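These notes concern the structure reproduced below.
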Amino acid sequence: MRRFASAGLALFLLGLALLLRLPQLGNRPFHADEAVHAVKFRELWEHGRYRYDPNEFHGPTIYYAALPTVAASGHKTFVALQEADLRLVIALVGAALVPLFLLLRKPLGTSAVLWAGLFAALSPALVFYSRYFIQEVFLVVFTLVFLASVTLKKPIAAGIAAGLMVATKETAVLTFFAAGVAWLLVSRKRPTLGRSFWLALGVAITVACVALYGCYRPLPTEARPNPLQYFQAYTPWLHRAAGEELHKNPWFDYLERFFWHRREGVPLWSESLILLLGIFGALKPPTTAERPFVRFLALFTLFLTVGYSLIPYKTPWCALNFLMPLTLLAGVGVAGLIERAAKLPAKALITGLILLASAHLGWLSYQTSFVHFASNKNPYVFSPTVPDVVKLKTRIEDLAKVHPDHEKLVIKVLSKDGYYWPLPWYLRRFENIGYWTQLPADPDAPLVLASPEFDEALTPKLKDHIMTGFFALRPDASYELFVKMNLWEPYLKQRGPVEDEE
């Protein structure tokens, strides 16, 4: 009966997770990173090819996983796809994290993992980034399966999970390092690398190689890279980790974003409930939990938190890597609190208070993903694409309708820093579009989209054009749209006067 009750609660929590992750998946424009991954997915979907780039973009697991969900959408062309079609697979896998916590019911106790599942279902961060077409949620889920498989002494499953972690994102090495050091500190026996370790390692290498390099057959032999080139990936990532490029933030950035983020005019964002219960769980676990594993989990979480915090290069979704095990510890903390309550009324009071506080997490998730999803005051929003990009897309498509070449008209995009994403996603229906980071010798084209840095040099070369307005991509990046007069005039005749964009 208890097993059926646990399964029923897990299904309820899964439904709760889906309720917050699935609706309105297209309610905000693609982030630049999402657009990059969409274009990478296109190569696999349309041509059956995937080429791992050790300098950028991470691994392919989300592209493979998106194939069946995109097929289920019924769309046959890349142009027909919508943001929600690609985000769907992330939402489903993010929700799957909740019942997968049951894999750890033996070392942590059923009560603890169910409470952890509740927190994971409602966590604003886990909900918000489960609605992003990026790798982090996949990495977190594979990490959970890896930890559970090692704990349950399932070397083949551990190897598969580890291989998928490597094939998902290079930062998996931080997880392996934190887990290894935590295991060494907790282990009572002298560590040995037995048959199970080598079996898991062999499976992991095989899975990673197949995922990263298994789609090279359509490429010419000379274009197929050596799998050892994978290790080149750590050169640019180490460079970024030093904080020499974008996204340099102070060490406390994750802690402030996730646990106490106050801005005027919006709710106080805080997942401190998970943090405080996690600390309590690490210090006072219930008797139903295996203390060595709780100590391992606490050290693992601590090392990941410190590691990611000390790296100057920060993107907020990286914090999911330590938020997931912290959520498990929070479940342990609730189980410990309830166990220590001497009488039934006290247990009921604790349960009621935790459920009430959890409801607040759910309310914050709603505010995060459905109300303030595009606001810079939202701590989980990071370098967002603003809705103006949709207006730009519509304007260019309307102009193309009155051009004799229609969607084959030439468009030139000039971006000083090369950070023009997500334009390739929103302008994907146009065949003759090019991107430059320097002023081309001949910038002339029916449509020219340029960042303001080119204005002085570009304007004299576009005497037959009119600058029709500014369009923002992100809060700190806007573009000018130049249109040839012989296109702009018939466009105005067809549509009527159009006010310049602010």
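Keep in mind that glycine also has a Cβ here, set from the backbone N, Cα and C atoms.
TrEMBL lists 83-211 with the feature domain 'Glycosyltransferase RgtA/B/C/D-like'.
The feature transmembrane segment is assigned by TrEMBL to 86-104 (among others).
According to TrEMBL, the transmembrane segment annotation covers 110-129 (among others). Here the transmembrane segment (110-129) has long-range neighbours at 2, 6, 9-10, 13-14, 16-17, 20-21, 94-95, 97-99, 101-102, 104, 136-137, 258, 269, 271, 273-274, 277, 281, 286, 288-289, 316-317, 319-320, 323-324, 327-328, 330-332, 334-335, 338, 354, 358, 361-362, 364-365, 367-369, 373, 380, meaning same-chain residues at least 6 beyond its ends whose C-beta is under 8 angstroms from one of its own.
TrEMBL lists 136-152 (among others) with the feature transmembrane segment.
What TrEMBL lists as transmembrane segment is 158-185 (among others). Cβ atoms under 8 Å from those of the transmembrane segment (158-185) belong to residues 58-62, 135-136, 138-139, 142-143, 145-147, 149-150, 191, 199-208, 211-212, 233-234, 237, 296-297, 299-300, 303-304, 307-308, 318, 321 of the same chain, restricted to positions at least 6 beyond its ends.
According to TrEMBL, the transmembrane segment annotation covers 197-219 (among others).
What TrEMBL records for 266-283 (among others) is transmembrane segment.
The feature transmembrane segment is assigned by TrEMBL to 295-313 (among others).
The transmembrane segment feature in TrEMBL is assigned to 319-337 (among others).
For the transmembrane segment (349-366), the list of distant contacts is 16, 20, 115, 118-119, 122-124, 127-128, 267, 269-271, 273-274, 277, 334, 337-338, 341: same-chain residues at least six beyond its ends, Cβ to Cβ under 8 Å. Per TrEMBL, the feature transmembrane segment maps to 349-366 (among others).
Remote same-chain residues near the transmembrane segment (319-337) are listed as 97, 101, 104, 108-109, 111-120, 123, 125-126, 129, 136-137, 139-140, 143-144, 147, 171, 174-175, 254, 257-258, 271, 273-282, 284-286, 288-289, 294, 297-298, 300-301, 304-305, 308, 350, 354 (criterion: CB distance under 8 Å, separation of at least six residues from the stretch ends). When Cβ-Cβ distances below 8 Å are used as the criterion, the transmembrane segment (266-283) is approached by residues 112, 119, 123-125, 257-260, 294-295, 297-298, 301, 323, 326-327, 329-337, 354, 357-358, 360-361, 364, 367-368, 372, 375, 377-379 of the same chain, each at least six residues removed from its ends.
For the transmembrane segment (295-313), same-chain residues at least 6 beyond its ends with a Cβ under 8 Å from one of its own Cβ atoms are 147, 174-175, 177-179, 181-183, 185-186, 240-243, 245-249, 251-255, 278, 281-282, 319, 321-322, 325-326, 328-329, 332. Residues in the domain 'Glycosyltransferase RgtA/B/C/D-like' (83-211) partition by DSSP class (helix H, G, I; strand E, B; coil) as 107 helix, 0 strand, 22 coil.
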